[in-house]
Amino acid sequence: MSQKKKASHPAINLMAGGTAGLFEALCCHPLDTIKVRMQIYRRVAGIEHVKPPGFIKTGRTIYQKEGFLALYKGLGAVVIGIIPKMAIRFSSYEFYRTLLVNKESGIVSTGNTFVAGVGAGITEAVLVVNPMEVVKIRLQAQHLTPSEPNAGPKYNNAIHAAYTIVKEEGVSALYRGVSLTAARQATNQGANFTVYSKLKEFLQNYHQMDVLPSWETSCIGLISGAIGPFSNAPLDTIKTRLQKDKSISLEKQSGMKKIITIGAQLLKEEGFRALYKGITPRVMRVAPGQAVTFTVYEYVREHLENLGIFKKNDTPKPKPLK
């Protein structure tokens, strides 16, 4: 059963994770574009009754005015960062679990599984996710937002956007909002890995098999992926505004003061519900994304192991949490 499962070779984790991330991006990136547009929407000045558009209307507007490919704006930045992101996520998660395993029983408790997930989320946020998202959000936000109706495209692609941001604003601009990104990724991955591990263990024991059917893996990935967005939606909304906003007044403030300023401005101008703006497409983006990620990851890893190209690590994985 799962207690006897051998650890995969690091190269297998890298290849399986990268492939899973690529499929996730291709399948779910349009939902992320809609989510970002909803979060950065500004009410039209002087017209109180104008409400921010909803998920379907936002997606339809993007498609009608900018074309189908506009839904994939910023995809280049995601694809460029997806392989190291997934490699860091899965490898760091396994590394932290190894540190937290009970040396006598070989068991990782539920609490320590959550801590390992939190550590993996923080690690990926600092090394990959934040710079990638700054570039992605700039690309997604540069066309036809209500507050900038006549603005032309400033960035041609992900590489050009990254170069322009660093040239005009410095390397530190790529880490704008990193504390919020780290907090978001930490809660996401903590909940994600904990729920996924528990559900996977339950189904493995129920079926008396190590390899679950793909549809079951998708279901538990969907469930685990849906939890995080509800707990940290305000952080994600503030982070998106912070990474898009380049105002001089904000540049003079400390990181925490920027967060407080943007949060207070959101509450004052748009109300409490603005902190949860984009929650629907975010759940629709993250939950199916995790379903795709875990399903593809498990599938590719199993097939790479069966090919026998890489030798498995002889050290067993920590026993499932009890």
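Each Cβ is built from the backbone N, Cα and C atoms, and glycine gets one as well.
Confidence for the repeat 'Solcar 1' (8-99), expressed as mean pLDDT, is 80. The repeat 'Solcar 1' annotation in Swiss-Prot covers 8-99.
Counting residues 6+ beyond its ends, the transmembrane segment (11-31) has Cβ neighbours under 8 Å at 59, 71-72, 74-75, 78-79, 82-83, 85-87, 89-91, 94, 281, 284-285, 288-290, 292-298, 300-301, 304-305, 310 in the same chain. Taken from Swiss-Prot, the feature transmembrane segment applies to 11-31 (among others), supported by sequence analysis.
The transmembrane segment feature in Swiss-Prot is assigned to 68-88 (among others); the stated evidence is sequence analysis. When Cβ-Cβ distances below 8 Å are used as the criterion, the transmembrane segment (68-88) is approached by residues 13-14, 17-18, 20-22, 24-26, 29-30, 32-34, 59, 62, 120, 123-124, 127-129, 131-133, 135-140, 143, 157-159, 161-162, 293, 297 of the same chain, each at least six residues removed from its ends.
Marked as repeat 'Solcar 2' by Swiss-Prot: 111-202.
The transmembrane segment annotation in Swiss-Prot covers 114-134 (among others).
The transmembrane segment annotation in Swiss-Prot covers 177-193 (among others) and rests on sequence analysis. Long-range Cβ contacts of the transmembrane segment (177-193) within its own chain (Cβ-Cβ under 8 Å, at least 6 residues beyond either end) map to 89, 93, 113-122, 124-126, 129-130, 133-134, 224-225, 227-229, 231-232, 235-236, 238-239, 242-243, 255-256, 259, 286, 290.
The repeat 'Solcar 3' annotation in Swiss-Prot covers 212-303.
Look at Swiss-Prot and you will find 219-235 (among others) tagged as transmembrane segment, backed by sequence analysis.
Feature annotation from Swiss-Prot assigns transmembrane segment to 278-295 (among others).
Remote same-chain residues near the transmembrane segment (278-295) are listed as 20-21, 23-24, 27-28, 31-32, 34-36, 38-39, 54-55, 86, 188, 192, 196, 214, 217-226, 228-230, 233, 236-237, 240 (criterion: CB distance under 8 Å, separation of at least six residues from the stretch ends). Broken down by DSSP into helix, strand and coil, the repeat 'Solcar 3' (212-303) contains 81 helix, 0 strand, 11 coil. Taken residue by residue, the repeat 'Solcar 1' (8-99) breaks down under DSSP into 73 helix, 0 strand, 19 coil.
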